[in-house]
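According to TrEMBL, the features are:
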SIGNAL    1-23  signal peptide
DOMAIN    30-104  domain 'DUF7843'
DOMAIN    120-287  domain 'Lnb N-terminal periplasmic'
DOMAIN    298-383  domain 'DUF7842'
REGION    382-403  region 'Disordered'
DOMAIN    393-613  domain 'DUF7840'
């Protein structure tokens, strides 16, 4: 009888333990697929329906299979937190965001976090809020051609004058110092560089972007509570040694910052919409759509400020400011005190700009700057120079960076076609200008296919990159303009359109105002191969154009180019076009064009396109 009761008791205990284990297993499996746990591990669904973390460093995972198995990683994490005091202390301080979240979800008597290093770090930062910082595009760097984003951690005692000494959170690639620009761009496109988060004083980033690279900076305070800010920083602590494969187009600075910011709330999902590309301005718009953005503050670029100051001086005053920069004595002429102050301030700012821009010798320039400040200090009057006005449109108010277009083309010497086009990114000179840098164009992965009226289909063009920077010459800046274009297109050839692969680029000058009327002329060099040429051909020529921005909706452009070729089959080719673009709304536009092309034969085409941005 006693033996029978013992057997029954053992069976009951086994059953209860099995039931408890199954319940815990079900609970853990449920937690492992909880959106917040997946965000903590940076897990994304693969095409096969499984999970894979975007973190590529093994130290970020406790389980050996943690990168691809969130269940294993959860079980290993809970086991580590349930371990002896040493284990719990080690892992809770390594993963405080995991620890605090799991503590709130699991009915365990885990002690409160006790991490002296983490506490000291938090006390130094003294966080209260977060500001998203958007430096605009920098055409001279492949990783910043679309802009950049970083975060500023605002302290509790921070004022407007103290924000420069706040801490900035940056995510960036760590390139090989021996790589040239071309290799840097290539490796960045295919994810060959590791990317890491870093923390630094904000003034260093302002100096880098505002002063050294002369980029406008937009600062958006985020609608986050102190508790939500703490969640973000606890996860940032976990990412100190984590590395990610860095891709310029998708898994870049802006994408990874979204992955960090979405830890603020359980139900905040910011990264899922960026599967193909994460253009910085689009990620800012995503934060706006989630009601996280406050009205932005604007920091004009050093170059923008200097140009604006110059517009307030006459030619003679500017010439005298230039002489002061060079160490020559001040010619007071018949200037008023106000005019003298304007000249002195212009001379100081101009020399300071050239010191940064041209990396001038500090020992030579510093005494000149000090002398100019001493001269200015003799006049106890406020500055007569006004600051640049904040642009009417901030970056998140621009059109979407991707574009779809449907187009009808009428040809005089070839079949008429109906075309469909797709551009992965970003902006061209005739797109709606609001929110973008005037005079700058970057088309990346621009594909257009056509269907002729008799049913034949072709690839009309594929441009891997079509970039142009038209910085106009003015009284302050001796600016150079340039373009580069590479890919495939079709040219007229005896009642058909023959394909060619090409690369071309040019260098030259532009003049005028990119916000109104400006023109450009570039010397050009190109390489061609394909059906248009008997062999690899070299082309030398020029390109010129005039672009008129009538208003924020209307743009008109007249452009043309002419090349002399080394190919015997055709010794030259040319193109002239008149293009009009009209923005129906922020993300919808009409574009019409009349274009004449000459290669082996002539063709004139008229087209009308409806363009949708997203």
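Every residue gets a Cβ built from N, Cα and C, even glycine.
Residues 134, 136, 146-147, 216, 218, 277, 279-282, 284-285, 287-288, 293, 296, 298, 300, 304-305, 308-309, 312, 338-339, 341-342, 345-346, 421-427, 431-432, 434-436, 552, 583, 586-587, 589, 611-614 of the same chain, all 6+ positions outside the region 'Disordered' (382-403), place their C-beta atoms under 8 angstroms from a C-beta of that stretch.
As a summary of secondary structure, the domain 'DUF7842' (298-383) carries 57 helix, 2 strand, 27 coil according to DSSP. Helix, strand and coil content of the domain 'DUF7843' (30-104), in residues and according to DSSP, is 43 helix, 7 strand, 25 coil. Predicted-model confidence for the domain 'DUF7842' (298-383) is 95, expressed as mean pLDDT.
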